[in-house]
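Colleague: Got a structure for you, questions after.
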Amino acid sequence: MSVSAVWHPFTQHATEPAPPVVTRTDGAWIETDRGRLLDGISSWWVVTHGHRQPQIMAAIREASEVLDQVIFAGLTHEPAEKLAEALVEMAPGGLAHVFYSDSGSTAVEVALKMALGYWRHAGDGRHRIAVMEHSYHGDTIGTMSVGERGVFNAAYDPLMFGVEKLPFPTGDGQATLDAFETLARSGQMAALILEPLVLGAGGMLMYAPEVLRGLREICDRHDVLLIADEVMTGWGRTGRLWACDHAGIAPDILCTSKGLTGGAVPLAATLASERIFRAHYSTDRTRTFFHSSSYTANPIACAAALANVALWQAEPMQQRLDKLAALQAERLARFEGDARFENLRQCGTITALDLRVGQGGYLAEDGPRMRAHFMAEGVLLRPLGNTVYLLPPYCVTGEDLDLAYAAIDSYGRI
Ligand SMILES: *Cc1c(COP(=O)(O)O)cnc(C)c1O
């Protein structure tokens, strides 16, 4: 088999067939040299409104007429300034400062560094990080350290730092809250990092807003910083702008990336509360926040994000999310009581269900077979182990979704 020069992500080149070549994207659809595919996973969770959303693409064109990358230390520009103001206004209360980077992983790395910097500058030796079982926060060494350990990162284990792990919340989540209360009481915990309400890569695992609120209360009682990784959940996925909005809570630090530009171009932001910014604000230059990405606050990406923000302000987004959630619920219901599937679940625009076969786990035999079947049916889906999920762009129609659910149904029959 001839192998291309490209080394693809999460791809076993020895066993996977050569991928289709994408020639065009449009709304919920991806055109390839082998036919059209419905993008059932928003191109790995980044595309929110739809591919090539017209206002966002226009903003990119316009911005590129006047600006490209400029150094962001010692210089600033209007797209970044305006976007920061808008993000502070739209984010849960108390998040007052915006630090730009270029991916979800960097947004999380920045968050962890801000948290540790905060405690150092506060003269407190806290440095332990609490995490939730089955979490995913990125693929860099630091973000892998705070994520679930397993086959993906076993080789890099010697490089990773230790963390305190909370059990994933089941039922009313009391066991998780109790475990965190005990940890938090130790006075050693610098921060708790979590994916609010939906653990994406961990298998679209969902927990109740009450648990999130309970964790926030424990953070407050014991002065532990809460880092909300909204990289996947932000920008409407859970049915509200932010997953934190369901619980009516604000984290001390919030990470956003994927949907920030509507999914058109890479950009990330880490939002921090005033006290975290103030801990770094000093005539003592050792307190500077020593971090930068080369492409920090890329003006074209900021312009795309501003167009995304404008859509959220001008369009009936909540109505659109509610409608998509209803379309999803109606279709997921066809699998109720179906012995082939279990754990049917939904959070806003996301649905998931587990195929009741095989040994489970990411390397489950069914994964690649399912993917191939869906592709043959014209639907792009990437099951996580035996978990099949739909996380579509918001422009998807009921008819489009019918195609995706029919493909899931027909897989269950072969
Ligand atoms: C995708 C994801 C990341 C990493 O984002 P990249 O842009 O791929 O680096 C971090 N956290 C969560 C919750 C994610 O879903």
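Just so it is clear, glycine is given a Cβ too, placed from its N, Cα and C backbone atoms.
Annotations in TrEMBL come from automatic prediction, not curation.
TrEMBL feature annotations, pasted as is:
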BINDING   W44, Y136, K258, S292, R382  substrate binding site
BINDING   G104, S105, D229, S293, S294  pyridoxal 5'-phosphate binding site
MOD_RES   K258  N6-(pyridoxal phosphate)lysine
Colleague: Return the member of G104, S105, D229, S293, S294 nearest to K258 (substrate binding site) in space, with distance defined Cα to Cα and candidates limited to these binding-site residues.
Modeller: G104
Colleague: How big is the Cα-to-Cα gap, in Å, between R382 (substrate binding site) and S293 (pyridoxal 5'-phosphate binding site)?
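Modeller: Rounded to a whole number, the Cα-Cα distance is 30 Å.
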Colleague: Counting Cβ atoms within 10 Å across all protein chains shown, which of the binding-site residues S105, S292, S293, S294 comes out on top?
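Modeller: When each Cβ's neighbours within 10 Å are tallied, S105 leads.
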Colleague: Fewest other CB within 10 angstroms, which one of the binding-site residues Y136, K258?
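Modeller: Relative to the other binding-site residues in Y136, K258, Y136 has the fewest Cβ atoms within 10 Å.
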Colleague: Can you figure out which of W44, Y136, S292 (the binding-site residues) comes closest in space to D229 (pyridoxal 5'-phosphate binding site), comparing Cα atoms?
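Modeller: Checked the binding-site residues W44, Y136, S292; minimum Cα distance to D229 (pyridoxal 5'-phosphate binding site) goes to Y136.
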Colleague: Counting only residues 6+ apart in the same chain, whose Cβ is under 8 Å from the Cβ of W44 (substrate binding site)?
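Modeller: Within the chain, W44 (substrate binding site) has Cβ neighbours under 8 Å at R382.
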Colleague: Where does D229 (pyridoxal 5'-phosphate binding site) sit in DSSP terms: helix, strand, or coil?
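Modeller: SS state of D229 (pyridoxal 5'-phosphate binding site) = strand.
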Colleague: Rounded to a whole number, what is the top Cα to Cα distance in Å among the residues the record ties to pyridoxal 5'-phosphate, namely G104, S105, D229, S293, S294?
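Modeller: With G104, S105, D229, S293, S294 as the binding residues for pyridoxal 5'-phosphate, the largest Cα distance is 22 Å.
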Colleague: State the Cα to Cα distance, in Å, between Y136 (substrate binding site) and S105 (pyridoxal 5'-phosphate binding site), rounded to an integer.
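Modeller: Answer for this pair: 10 Å between alpha carbons.
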Colleague: Whole number in angstrom, please: the longest C-alpha to C-alpha distance across W44, Y136, K258, S292, R382 for substrate.
Modeller: 33
Colleague: Counting Cβ atoms within 10 Å across all protein chains shown, which of the binding-site residues G104, D229, R382 comes out on top?
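Modeller: When each Cβ's neighbours within 10 Å are tallied, D229 leads.
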Colleague: Cβ under 6 Å from ligand 1: which of the binding-site residues S105, S292, S293, S294, R382 qualify?
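Modeller: Correct list: S105.
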